[in-house]
Amino acid sequence: MELILSTSPAELTLDPACQPKLPLDSTCQPEMTFNPGPTELTLDPEHQPEETPAPSLAELTLEPVHRRPELLDACADLINDQWPRSRTSRLHSLGQSSDAFPLCLMLLSPHPTLEAAPVVVGHARLSRVLNQPQSLLVETVVVARALRGRGFGRRLMEGLEVFARARGFRKLHLTTHDQVHFYTHLGYQLGEPVQGLVFTSRRLPATLLNAFPTAPSPRPPRKAPNLTAQAAPRGPKGPPLPPPPPLPECLTISPPVPSGPPSKSLLETQYQNVRGRPIFWMEKDI
(Lines of atoms letter the chains of each structure in order from A and count residues from 1; the text may use other names and numbers.)
(Lines give C-alpha, C1' and ligand atoms only; values in the text may rest on other atoms or scores of the structure.)
Protein backbone atom coordinates (compact mmCIF):
# COMPACT_ATOMS: atom_id res chain seq x y z
CA MET A 1 0.00 0.00 0.00
CA GLU A 2 1.44 3.32 -0.97
CA LEU A 3 0.95 6.27 1.35
CA ILE A 4 1.50 9.60 -0.31
CA LEU A 5 1.20 12.91 1.49
CA SER A 6 0.64 15.48 -1.14
CA THR A 7 1.67 19.04 -0.42
CA SER A 8 1.48 21.92 -2.78
CA PRO A 9 3.49 22.84 -4.74
CA ALA A 10 5.99 20.03 -3.88
CA GLU A 11 5.02 16.38 -3.36
CA LEU A 12 6.15 14.56 -0.21
CA THR A 13 6.04 10.73 -0.29
CA LEU A 14 7.07 8.12 2.26
CA ASP A 15 7.26 5.21 -0.22
CA PRO A 16 10.86 3.90 -0.16
CA ALA A 17 10.57 2.94 -3.77
CA CYS A 18 9.74 6.47 -4.66
CA GLN A 19 12.56 8.12 -2.71
CA PRO A 20 15.17 9.93 -4.82
CA LYS A 21 18.63 8.46 -4.95
CA LEU A 22 21.39 10.54 -3.42
CA PRO A 23 24.70 10.32 -5.25
CA LEU A 24 27.78 9.50 -3.17
CA ASP A 25 30.09 11.40 -5.42
CA SER A 26 31.66 14.16 -3.35
CA THR A 27 31.66 16.39 -6.38
CA CYS A 28 27.92 16.06 -6.66
CA GLN A 29 27.02 16.96 -3.10
CA PRO A 30 24.10 19.35 -2.80
CA GLU A 31 25.04 22.94 -2.23
CA MET A 32 23.80 24.57 0.98
CA THR A 33 23.34 28.30 0.87
CA PHE A 34 21.97 30.86 3.33
CA ASN A 35 19.53 33.08 1.57
CA PRO A 36 19.37 36.42 3.39
CA GLY A 37 15.79 37.20 4.19
CA PRO A 38 14.15 39.72 6.49
CA THR A 39 16.52 38.66 9.30
CA GLU A 40 20.04 37.97 8.08
CA LEU A 41 22.33 35.73 10.15
CA THR A 42 26.01 36.41 9.72
CA LEU A 43 29.08 35.08 11.49
CA ASP A 44 31.30 37.93 10.43
CA PRO A 45 33.04 39.17 13.65
CA GLU A 46 33.10 42.70 12.27
CA HIS A 47 29.29 42.80 12.33
CA GLN A 48 28.82 41.28 15.82
CA PRO A 49 27.40 43.56 18.55
CA GLU A 50 30.11 44.96 20.81
CA GLU A 51 30.09 43.77 24.44
CA THR A 52 30.49 46.30 27.20
CA PRO A 53 34.16 46.10 28.23
CA ALA A 54 35.03 45.48 31.86
CA PRO A 55 36.27 48.59 33.66
CA SER A 56 40.00 48.98 33.93
CA LEU A 57 41.52 48.79 37.41
CA ALA A 58 43.73 51.76 36.58
CA GLU A 59 40.67 53.94 35.93
CA LEU A 60 38.97 53.24 39.28
CA THR A 61 38.58 56.06 41.80
CA LEU A 62 37.53 56.18 45.45
CA GLU A 63 35.18 58.97 46.54
CA PRO A 64 33.05 59.65 49.66
CA VAL A 65 29.36 59.10 49.07
CA HIS A 66 28.38 62.43 50.64
CA ARG A 67 30.35 64.23 47.92
CA ARG A 68 28.46 62.45 45.14
CA PRO A 69 24.79 62.60 46.23
CA GLU A 70 23.64 61.74 42.70
CA LEU A 71 25.12 58.24 43.21
CA LEU A 72 23.37 57.59 46.53
CA ASP A 73 20.65 55.39 45.01
CA ALA A 74 23.11 53.32 42.98
CA CYS A 75 25.26 52.77 46.07
CA ALA A 76 22.23 51.65 48.09
CA ASP A 77 21.27 49.17 45.35
CA LEU A 78 24.80 47.74 45.31
CA ILE A 79 24.79 47.11 49.07
CA ASN A 80 21.22 45.78 49.16
CA ASP A 81 22.09 43.28 46.45
CA GLN A 82 24.42 41.64 49.00
CA TRP A 83 22.58 42.42 52.23
CA PRO A 84 18.86 43.06 51.57
CA ARG A 85 17.47 45.82 53.75
CA SER A 86 14.82 48.50 53.66
CA ARG A 87 15.76 51.02 50.99
CA THR A 88 14.75 53.89 53.26
CA SER A 89 16.93 52.56 56.06
CA ARG A 90 19.86 52.02 53.70
CA LEU A 91 19.63 55.52 52.27
CA HIS A 92 19.42 56.96 55.78
CA SER A 93 22.57 55.08 56.80
CA LEU A 94 24.46 56.28 53.73
CA GLY A 95 23.22 59.80 54.37
CA GLN A 96 25.09 59.82 57.70
CA SER A 97 28.44 59.75 55.89
CA SER A 98 30.67 62.75 56.61
CA ASP A 99 34.32 63.74 56.74
CA ALA A 100 34.13 63.51 60.54
CA PHE A 101 33.26 59.76 60.35
CA PRO A 102 31.56 57.42 59.92
CA LEU A 103 32.44 57.80 56.26
CA CYS A 104 31.18 55.75 53.30
CA LEU A 105 33.50 55.36 50.31
CA MET A 106 32.47 54.27 46.81
CA LEU A 107 34.70 52.56 44.27
CA LEU A 108 33.78 54.24 40.97
CA SER A 109 34.40 53.23 37.37
CA PRO A 110 34.03 55.67 34.47
CA HIS A 111 30.88 55.10 32.43
CA PRO A 112 31.37 53.96 28.80
CA THR A 113 29.41 57.03 27.81
CA LEU A 114 31.55 60.01 28.72
CA GLU A 115 28.58 62.25 29.49
CA ALA A 116 27.04 59.74 31.95
CA ALA A 117 27.78 59.48 35.67
CA PRO A 118 30.37 56.92 36.83
CA VAL A 119 29.31 53.41 37.83
CA VAL A 120 29.41 52.33 41.50
CA VAL A 121 31.32 49.02 41.57
CA GLY A 122 32.30 48.84 45.28
CA HIS A 123 31.64 50.26 48.74
CA ALA A 124 33.20 50.31 52.21
CA ARG A 125 32.46 52.20 55.42
CA LEU A 126 35.06 53.59 57.83
CA SER A 127 34.37 54.36 61.51
CA ARG A 128 36.52 55.65 64.35
CA VAL A 129 37.52 53.16 67.06
CA LEU A 130 36.86 53.72 70.75
CA ASN A 131 40.02 54.59 72.73
CA GLN A 132 42.21 54.09 69.62
CA PRO A 133 42.57 57.49 67.92
CA GLN A 134 44.82 56.13 65.15
CA SER A 135 42.59 53.20 64.17
CA LEU A 136 39.61 52.79 61.85
CA LEU A 137 37.00 50.03 61.64
CA VAL A 138 36.23 48.83 58.09
CA GLU A 139 32.66 47.65 57.53
CA THR A 140 30.18 46.83 54.74
CA VAL A 141 32.84 45.90 52.18
CA VAL A 142 31.16 44.82 48.93
CA VAL A 143 32.00 44.60 45.22
CA ALA A 144 29.52 44.22 42.36
CA ARG A 145 28.76 40.53 41.78
CA ALA A 146 29.71 40.61 38.09
CA LEU A 147 33.20 41.94 38.93
CA ARG A 148 34.19 39.64 41.79
CA GLY A 149 37.34 37.59 41.48
CA ARG A 150 38.92 40.08 39.08
CA GLY A 151 40.97 42.26 41.43
CA PHE A 152 38.36 44.87 42.31
CA GLY A 153 38.22 43.80 45.97
CA ARG A 154 41.97 44.18 46.33
CA ARG A 155 41.83 47.57 44.60
CA LEU A 156 39.13 48.69 47.03
CA MET A 157 41.08 47.60 50.13
CA GLU A 158 44.31 49.15 48.87
CA GLY A 159 42.47 52.39 48.23
CA LEU A 160 41.14 52.35 51.80
CA GLU A 161 44.67 52.06 53.14
CA VAL A 162 45.86 55.03 51.09
CA PHE A 163 42.82 57.06 52.12
CA ALA A 164 43.25 56.27 55.84
CA ARG A 165 47.03 56.73 55.91
CA ALA A 166 46.75 60.15 54.26
CA ARG A 167 44.54 61.24 57.18
CA GLY A 168 46.92 60.10 59.92
CA PHE A 169 45.51 56.66 60.74
CA ARG A 170 47.88 53.76 61.25
CA LYS A 171 45.71 50.65 61.76
CA LEU A 172 42.62 49.10 60.19
CA HIS A 173 40.26 46.62 61.86
CA LEU A 174 37.55 44.49 60.28
CA THR A 175 35.45 41.35 60.72
CA THR A 176 34.74 38.52 58.30
CA HIS A 177 33.27 35.04 58.40
CA ASP A 178 34.24 33.62 54.99
CA GLN A 179 37.01 35.85 53.55
CA VAL A 180 39.81 35.16 56.03
CA HIS A 181 42.28 33.98 53.39
CA PHE A 182 41.51 36.95 51.13
CA TYR A 183 42.37 39.42 53.90
CA THR A 184 45.38 37.33 54.94
CA HIS A 185 46.83 37.76 51.45
CA LEU A 186 46.38 41.52 51.90
CA GLY A 187 48.49 41.48 55.08
CA TYR A 188 45.77 41.27 57.74
CA GLN A 189 46.24 39.18 60.88
CA LEU A 190 43.84 37.82 63.47
CA GLY A 191 43.18 40.43 66.16
CA GLU A 192 40.97 41.35 69.08
CA PRO A 193 37.49 42.91 68.96
CA VAL A 194 37.19 46.70 68.91
CA GLN A 195 34.22 49.04 69.24
CA GLY A 196 33.40 51.41 66.42
CA LEU A 197 32.07 54.88 67.17
CA VAL A 198 28.73 55.59 65.53
CA PHE A 199 28.53 59.29 66.37
CA THR A 200 30.81 61.92 64.92
CA SER A 201 30.83 63.97 68.13
CA ARG A 202 32.40 62.86 71.36
CA ARG A 203 29.29 63.96 73.22
CA LEU A 204 26.22 61.78 72.90
CA PRO A 205 23.06 63.44 71.59
CA ALA A 206 20.62 64.63 74.26
CA THR A 207 17.83 62.48 72.80
CA LEU A 208 19.97 59.38 73.29
CA LEU A 209 20.93 60.35 76.81
CA ASN A 210 17.28 60.85 77.73
CA ALA A 211 16.55 57.30 76.60
CA PHE A 212 18.71 55.87 79.36
CA PRO A 213 17.25 55.50 82.89
CA THR A 214 18.33 58.15 85.36
CA ALA A 215 20.85 57.23 87.99
CA PRO A 216 19.31 56.27 91.35
CA SER A 217 19.54 58.83 94.14
CA PRO A 218 22.35 58.19 96.59
CA ARG A 219 21.35 56.37 99.76
CA PRO A 220 22.78 57.09 103.18
CA PRO A 221 25.56 54.70 104.03
CA ARG A 222 24.56 51.83 106.24
CA LYS A 223 26.26 51.32 109.53
CA ALA A 224 28.64 48.44 109.45
CA PRO A 225 27.75 45.71 111.93
CA ASN A 226 29.91 45.54 115.03
CA LEU A 227 31.96 42.41 114.67
CA THR A 228 33.90 42.93 117.88
CA ALA A 229 33.51 39.92 120.10
CA GLN A 230 31.96 40.87 123.40
CA ALA A 231 33.41 39.48 126.53
CA ALA A 232 31.42 36.54 127.79
CA PRO A 233 30.21 36.76 131.35
CA ARG A 234 32.70 35.34 133.71
CA GLY A 235 31.67 32.26 135.55
CA PRO A 236 33.34 30.26 138.24
CA LYS A 237 36.94 29.49 137.47
CA GLY A 238 37.65 26.02 136.13
CA PRO A 239 40.28 24.15 134.07
CA PRO A 240 41.26 25.95 130.81
CA LEU A 241 39.61 24.74 127.57
CA PRO A 242 41.82 22.86 125.04
CA PRO A 243 42.89 24.84 121.92
CA PRO A 244 40.78 24.31 118.76
CA PRO A 245 42.09 21.89 116.12
CA PRO A 246 43.96 23.42 113.14
CA LEU A 247 42.00 24.17 109.96
CA PRO A 248 42.42 21.65 107.08
CA GLU A 249 44.66 22.76 104.25
CA CYS A 250 42.90 23.86 101.05
CA LEU A 251 43.76 21.39 98.32
CA THR A 252 43.57 23.42 95.08
CA ILE A 253 45.29 22.58 91.85
CA SER A 254 46.02 25.61 89.69
CA PRO A 255 45.96 25.08 85.90
CA PRO A 256 49.31 25.07 84.15
CA VAL A 257 50.42 28.47 82.95
CA PRO A 258 50.88 28.56 79.16
CA SER A 259 54.46 29.13 78.07
CA GLY A 260 53.51 31.58 75.32
CA PRO A 261 50.59 33.52 73.81
CA PRO A 262 47.56 31.44 72.82
CA SER A 263 47.72 30.17 69.27
CA LYS A 264 45.20 31.53 66.79
CA SER A 265 43.80 29.45 63.97
CA LEU A 266 42.39 30.71 60.70
CA LEU A 267 39.76 27.96 60.91
CA GLU A 268 38.45 28.50 64.45
CA THR A 269 37.17 31.57 66.26
CA GLN A 270 35.59 32.28 69.61
CA TYR A 271 33.65 35.34 68.41
CA GLN A 272 30.13 35.53 67.02
CA ASN A 273 28.00 38.26 65.53
CA VAL A 274 24.54 39.25 66.74
CA ARG A 275 23.02 36.38 64.73
CA GLY A 276 25.25 33.80 66.37
CA ARG A 277 27.41 33.36 63.28
CA PRO A 278 31.15 32.84 63.88
CA ILE A 279 33.28 35.79 62.79
CA PHE A 280 36.99 36.54 62.70
CA TRP A 281 38.42 39.83 63.91
CA MET A 282 41.39 40.94 61.81
CA GLU A 283 43.69 43.95 61.81
CA LYS A 284 46.55 45.46 59.82
CA ASP A 285 49.13 48.16 60.44
CA ILE A 286 49.23 50.60 57.54
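In case you wondered, yes, glycine gets a Cβ from its N, Cα and C as well.
Just one of Q132, Q179, Q189 is listed by Swiss-Prot for the same acetyl-CoA site as V141, V142, V143, G149, R150, G151, F152, G153, R154, and that one is Q179. Under DSSP, R150 (acetyl-CoA binding site) is assigned to coil, being neither helix nor strand in the three-state scheme. Secondary structure at R90 (substrate binding site), taken from DSSP and collapsed to helix, strand or coil, is helix. Here R85 (substrate binding site) comes close to I79: these same-chain residues lie at least six apart in sequence, with C-beta atoms under 8 angstroms from its C-beta.
If you measure from the Cα atom of H92 (substrate binding site) to that of V141 (acetyl-CoA binding site), you get 18 Å. Site extent for acetyl-CoA: among the recorded binding residues V141, V142, V143, G149, R150, G151, F152, G153, R154, Q179, the largest C-alpha separation is 16 Å. The sparsest Cβ neighbourhood within 10 Å, among the listed binding-site residues (L91, V141, V143), is found at L91.
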